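Peer 1: Pulled these features from Swiss-Prot for this protein:
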- Arg424, Arg454, Tyr455, Tyr456, Ser457, Cys472, Ala473, Val474, Tyr478, Gly488, Val489, Ala490, Thr491, Trp677: FAD binding site (BINDING)
- Gly2: N-acetylglycine (MOD_RES)
- 2-22: topological domain 'Lumenal' (TOPO_DOM)
- 44-678: topological domain 'Cytoplasmic' (TOPO_DOM)
- 23-43: transmembrane segment (TRANSMEM)
Amino acid sequence: MGDSHEDTSATVPEAVAEEVSLFSTTDIVLFSLIVGVLTYWFIFKKKKEEIPEFSKIQTTAPPVKESSFVEKMKKTGRNIIVFYGSQTGTAEEFANRLSKDAHRYGMRGMSADPEEYDLADLSSLPEIDKSLVVFCMATYGEGDPTDNAQDFYDWLQETDVDLTGVKFAVFGLGNKTYEHFNAMGKYVDQRLEQLGAQRIFELGLGDDDGNLEEDFITWREQFWPAVCEFFGVEATGEESSIRQYELVVHEDMDTAKVYTGEMGRLKSYENQKPPFDAKNPFLAAVTTNRKLNQGTERHLMHLELDISDSKIRYESGDHVAVYPANDSTLVNQIGEILGADLDVIMSLNNLDEESNKKHPFPCPTTYRTALTYYLDITNPPRTNVLYELAQYASEPSEQEHLHKMASSSGEGKELYLSWVVEARRHILAILQDYPSLRPPIDHLCELLPRLQARYYSIASSSKVHPNSVHICAVAVEYEAKSGRVNKGVATSWLRTKEPAGENGRRALVPMFVRKSQFRLPFKPTTPVIMVGPGTGVAPFMGFIQERAWLREQGKEVGETLLYYGCRRSDEDYLYREELARFHKDGALTQLNVAFSREQAHKVYVQHLLKRDKEHLWKLIHEGGAHIYVCGDARNMAKDVQNTFYDIVAEFGPMEHTQAVDYVKKLMTKGRYSLDVWS
């Protein structure tokens, strides 16, 4: 097929010459342009078939690229650059740690966002003596690149640049509960080698379902000796605490120049301008916030955010991201325990004047604002934070304890895992449990990671609700092993967002929409099988609303099946009335609900799938049905997938391995889609 297309394109100039009297110059130009586009498409389609498929997410506005990171490295005397593909900030944090490590080996490193540079410049990297490029690449969702690595991934797919002489290493961040574990890290590692680059250390694969921090430390402690051996250098000293930012206190600053929680542009919340994205969120008013379940054990809620006049567009299956705020009680306690005035206006300025990152968070601001809106104070701190903090513990035993947990020894790793990670000790808890640990608040703010946006599957259809985005969420609250009660940052914050607001003022939520590949079939007549227990029902509320809307427009709509699961019908049956109405009206062909705690034996969604196996097989094999699974990745999604393997094997009929291939092909064709989390 490829050859026939090449032959056709080769004859185009001759054909055009013969017909010149029949076509105008404009016709010829347009015709040639079309043929050129088709030829380009077929060439690159063939290339893309040889590598894993990632779905491209369109960004609203392409960022401005710097001219050359190699020239910048030359100018600033760097020989190591660490690029990061980061969605939640962890890969960026690891990249910063690696670039900071370089000084111990007589080298100079810099971390960089691939979105800010032209990666075609990689071929010029060998011009720098003993140069090395490292990639810390996270995989997002079902095998996708992170938003900031999308352009880099596209370039890797299409380029044929010769990277001979380029030395590289890759550390991937993934989660084994997902189907495509560390797909991005694996692809970057493989593709760089294909292009001629030389791998100087093995690919690292971090697993967030296990202990990502330990995976990184283990890889890192073997990575640097390999770098030393390859380049013939020696470590110049032990790891030491080096401040990256300097504190500047502003005595008489105009408050109009002070950040109060904005993510990007100063005063962007007062003067909102589209397009809205992660760096420019929209302040949406909460119009509805109602509890969905009975009882007091858990709080499941439905929120509606007003996006009128925002020009935000979304489709069923997209995600809404919200920027939460930390609990003011925790913020005040940190201020009290450190004896700090939280309302001091300050800036943390990068000591490296050549760095693109001038501040760790928007500055100037106050400590209160930083701890409330910009810094993560509720997740267990990583080992590098403990190492830096240890110097401020005046009690030797506490300092030793912190140093041990920050070490790479087996005992230290076990201690960190049990005392920090498994006990879910956040920074306030550590300060409370170590009475002599009293770091300067500015250094603490430098060390803490950024507070990240939280993503939720949109629970509405824009066809029905074009001016609002709906969220379905459960308020997270649990008792940690330390005996403390921990609460989820975003869900606890959202829970307080009442439509009336305080003193009659509107409750506002900074938000933006992230496009997804979790999409209804193009043809409304295609049957859909939706599996979503608990809050996994959220995107299906949008799907069902849209299918109902299509029916109202007089369109023929295929079978719409929902497999939903909850504990008890009188406790946590979400959207019970709405689902019953859709079922009664015929928009929902089947409403199948599994109650796990309503009878002696537990019933889950996979049990109902097995019950309906013959009909499901007919819909899949003969009707071309699309399958959608949303919810827990660790257990539910795997159990459901195994159930479909069994159904396919039984009615195929075929061997188990063939059934697995059958389902995997459904995934490749976009007929088996996942929106899962762990």
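Any Cβ shown, glycine's included, is placed from N, Cα and C.
Would you situate these features in the structure and describe their surroundings?
Peer 2: All protein chains shown were included, and the count of other CB atoms within 10 Å of the CB of Thr491 (FAD binding site) stands at 20.
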Peer 1: Sort Val489 (FAD binding site) into helix, strand or coil using the DSSP assignment.
Peer 2: helix
Peer 1: Find the average pLDDT over the topological domain 'Lumenal' (2-22) in the predicted model and report it.
Peer 2: 33
Peer 1: List the same-chain residues at least 6 positions away in sequence whose Cβ sits under 8 Å from the Cβ of Val489 (FAD binding site), in sequence order, or say none.
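Peer 2: Once residues fewer than 6 apart are set aside, Val489 (FAD binding site) is near Pro324, Ala325, Asn326, Asp327, Thr378, Leu451, Arg454.
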